[in-house]
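Have a look at the structure below before the remarks.
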Ligand SMILES: [Zn+2]
């Protein structure tokens, strides 16, 4: 029995560790190919990009990971201004649920909320909402996010009157406790993700 075991997202590996075969993954950073087999060339954490099926080794450092452009993040709305919503990043999706610096702030500009015209930001987001958003710029602070797209937007929201979790009904949210009806830029994953 000499079957080599593959790895999964978030596994810690050492240089020379077997990762899998070329039919499974594209070799990314920190990975080398040898006769169709993939090996780690540095110590770190396995990161598998599910879209590209690329495997790379992220060096383990003490600093929390910085979101990269294209990353999908989960964030909490802390302020809603006419031109932008300010959010606090909670985690980066697909990074083994590793916490990122909780002080990290990001912005969703009014032009990046949805395809089409936004009449008022307060109809799209409210303080305390949990949103799923994509990183579109990270070179300046705050990081810029977009919620354009079917599966991006609010994934969890509380009633602004009584704080009960809102239930989706069509394109609106309804409070099961007080009956209040609210709108948001909703994600198709509303209340389908653990937050
Ligand atoms: Zn309510």
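Backbone N, Cα and C define each Cβ position, glycine as well.
Summarising the annotation, TrEMBL assigns Zn(2+) binding site to 159, 162, 175, 178. Cβ neighbours of residue 178 (Zn(2+) binding site) (same chain, under 8 Å, six or more residues apart in sequence): 159, 161, 162, 164.
Sequence annotations record features per position, and here TrEMBL assigns domain 'S1 motif' to 70-148.
Ranking the binding-site residues 159, 162, 175 by how many other Cβ atoms lie within 10 angstroms of each Cβ puts 162 at the bottom.
The DSSP secondary structure for residue 175 (Zn(2+) binding site) is coil.
Cβ proximity to the Zn(2+) site centre (mean Cβ of 159, 162, 175, 178, cutoff 8 Å) flags the following additional same-chain residues: 160, 161, 163, 164, 166, 176, 177, 179, 180.
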